[in-house]
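Could you have a look at this structure, given as structure tokens, before my questions?
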Amino acid sequence: MSNLGHTCWLCLLWSHYQHCPIEIEWHGIWFVTGTFDYDLVVIGGGSGGLACSKEAAQLGQKVAVLDYVEPSVKGTKWGIGGTCVNVGCIPKKLMHQAALLGTALKDAQKYGWQIPGPISHDWSTMAEAVQNHVRSLNWGHRVQLQDKEVKYLNVKGSLLDEHTVKGLTRTGKETMLTAKNIVIATGGRPKYPTHIPGAVEHGITSDDIFWLKESPGKTLVVGASYVALECAGFLTGIGLETTVMVRSIPLRGFDQQMAGLVTDYMEAYGTKFSWRSVPKSVDKLSSGVLQVTWTDEQTGKDQRDTFDSVLWAVGRAPETKTLGLEKVGVKLNKESGKILVAADESTSVPNIYAFGDIGEGRPELTPTAIKAGKLLARRLAGRTNELMNYDNVATTVFTPLEYGCVGLSEEEAESRHGKDSIEVYHAFYKPLEFTVAERDASQCYIKVVCKRGGDQRILGLHFTGPNAGEVTQGFAMGFQCGATLTHLKETVGIHPTCAEELTKVNVSKRSGLDATVTGC
Amino acid sequence: MWAFYNGRTQARGKREGREAKSHGGYSKKKLNPMAHRLLVRRIWTLSVKDLRCLPASLSSFSTSLRSSTTPLSLLSPKRTLPRSLPHTSRREVSFNVQDHEDFTERVINSELPVLIDFHAQWCGPCKILGPRLEKAVAKQKGKVHMAKVDIDDHTDLAIEYGVSAVPTVIAMRGGDVIDQFVGIKDDEALDSFVSKLVGQ
């Protein structure tokens, strides 16, 4: 915008481009001929971007997907697939599994397995296996794009105008693409608390943890999001001394009673928690360890301890800074920095769409991004008018004691309907597998939040226990169908499972009766 | 997981100019890859032919002096090109492809038939097939070379040759794909595959 541009002699219009020869010739082409290089250009090759581009290509559209990974501060980078595949869901779940297997090995002895000697975990073996699997997924995505005839470009995309995308390679070479429609699915990256001295130089984030070749050692995880708790959970599980530093509450946005059960279990399981603490500075000592100073907000005093690694899990920021959105007129939410989107994923610019983690108010989940991407592709190809339904999305937190839920939290239900209009049924149960293993099941709990009276429609369903994701998925379908408490009670449980306890809930919180499940 | 093979090896010349840099690290704008390769091959063949006479005579000389301890016996019996050659280092029977130029030089423009082993770090079957291939190639005593391509390092190359599942082995002679297979083969089947490549 600085030099006011120049006239494009082909179309005799003012152009804002600074690079003269290329843009003149090329800008003119799309305007004069009215044709575009592509029907659809997707910026971002993550869960959403890939699903959208592949679906569009299958529907006969000419599609290009631009994927680029800006290396993390520590220099970590990865292949195509986005956060989920490379630095999110996939490596997280695999490392969580590694931790669970450690616990299982301990339980195994009670079940008769003769395990000689103490059990130890080797980070490098796990990391290599996990990283190899991720690489196979990167490859798989490349093959799929090839097969579905989606043009893949490993370039950093930015918008020049509503139909033009500039791609920049790692070495600075430029490419231009014109498109009828542009979709932004660039997702987010972990935030660094830049105001804390030493935070950027010495800390790592979830972008780095899964790609470490050596063990992170004694780790401080700052944050209480599911990212923080899941990471701290598996680090503890593989035998590393781990501390979680929480400023206020754990799992903000989730049901707080359930969040408390999750953290109680983690504390009993061996993770240290530093509640109501705010880090002040991180220094590297001559020995190489990191010294962290923090303020205990309850006492007001400063505390200090040393760690091998500091993992910042204090939120994620949307990847919008280098997209050129302002120039093109795509509006953002001022607070979150995310792109403002309508129900059909459209932005303030007619042919530009945005979805996935980058969309304001959208859940930051892979399945919603995938589904939304596919529906968007179908709408753009004129095959449907169906909009993405973001309600009733089930999710699970893969902490050592997993927590699965669908629908409203108890607090949200209370605030929407009023405490007197809801009935909360609950139960403390003990997984059968825990009995022989002599494991503490105090935090294994079920909560079904229903509308009071009438058909007692289920408003929210919450479950802590082993395999929470597997348990919750089936109930999510019932939820989607408008399940009521009667439906739940009419469902015969599968025995012996943890999931069946959901079908047997009968004690309400209001009654004040003991909600502990006794034997069958 | 990626069990299907789409038989795209013949399509390698048909890709349009590509600017993308994969995380493998090399980039070449190939506006007409087939023509480019043929041209390079012609130039290379010309220059190589001049030098070919040298090692041929030397190696025949070396075999007759096999038992002697003269410096000539230090020449590898595999008929490698002398180290003074600017573009290649010691020419091994089995080698890891370094980059696109290396592939053009040592595979497409190879005088000898070449087996291309597309493999990946994360591929279990590749680890089984790899040694078997080495064995089969070694049996041919230098009549065939093997180029190993790590598909994570050379993703664009692998995609260009239509590789979808690994291991994929392509038999190439004179820059043309003669044969290929996906998955593991036992020693017998491998010997017959390699012999077929060398024999014709």
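Even glycines carry a Cβ here, placed using N, Cα and C.
A quick note: this is a predicted structure, and the numbers were derived from the prediction, not measured.
So TrEMBL lists the following for this protein:
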type	residues	note
SIGNAL	A:1-19	signal peptide
DOMAIN	A:38-373	domain 'FAD/NAD(P)-binding'
DISULFID	A:CYS84-A:CYS89	disulfide bond
BINDING	A:LYS93, A:GLY157, A:ASP357	FAD binding site
BINDING	A:GLY223, A:ALA224, A:SER225, A:TYR226, A:VAL227, A:ALA228, A:LEU229, A:GLU230, A:GLY315	NAD(+) binding site
DOMAIN	A:393-504	domain 'Pyridine nucleotide-disulphide oxidoreductase dimerisation'
ACT_SITE	A:HIS495	active site, proton acceptor
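Set these features in their place in the structure for me.
Contacts of A:CYS89 (disulfide bond) defined by a Cβ separation under 8 A and a same-chain sequence distance of 6+ are given as A:THR83, A:THR366, in order along the sequence.
Counting every protein chain shown, the Cβ of A:ASP357 (FAD binding site) has 28 other Cβ atoms within 10 Å.
In this structure, A:GLY315 (NAD(+) binding site) belongs to neither helix nor strand by DSSP; it is coil.
Residues belonging to the domain 'Pyridine nucleotide-disulphide oxidoreductase dimerisation' (A:393-504) score a mean pLDDT of 97 in the model.
A:HIS495 (active site, proton acceptor): 9 other CB atoms within 10 A of its CB, across all protein chains.
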Using C-alpha positions only, work out which of the recorded positions A:CYS84, A:LYS93, A:GLY157, A:ASP357 is nearest to A:LEU229 (NAD(+) binding site).
A:LYS93
For A:VAL227 (NAD(+) binding site) and A:LYS93 (FAD binding site), determine the Cα separation and express it in whole Å.
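A:LYS93 (FAD binding site) has its Cα 11 Å from the Cα of A:VAL227 (NAD(+) binding site).
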Give the distance between the Cα atoms of A:LYS93 (FAD binding site) and A:CYS84 (disulfide bond), rounded to the nearest whole Å.
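Cα-Cα, rounded: 10 Å.
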Within 10 Å of its Cβ, which one of these recorded positions (A:CYS84, A:VAL227, A:LEU229) has the largest number of other Cβ atoms?
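The residue with the densest Cβ neighbourhood is A:LEU229.
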Out of A:GLY157, A:GLY223, A:SER225, A:ASP357, A:HIS495, which of these recorded positions is nearest A:CYS84 (disulfide bond) by C-alpha distance?
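Smallest Cα separation from A:CYS84 (disulfide bond) among A:GLY157, A:GLY223, A:SER225, A:ASP357, A:HIS495: A:ASP357.
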For A:GLY315 (NAD(+) binding site), what is the tally of other C-beta atoms lying within 10 angstroms of its C-beta?
16
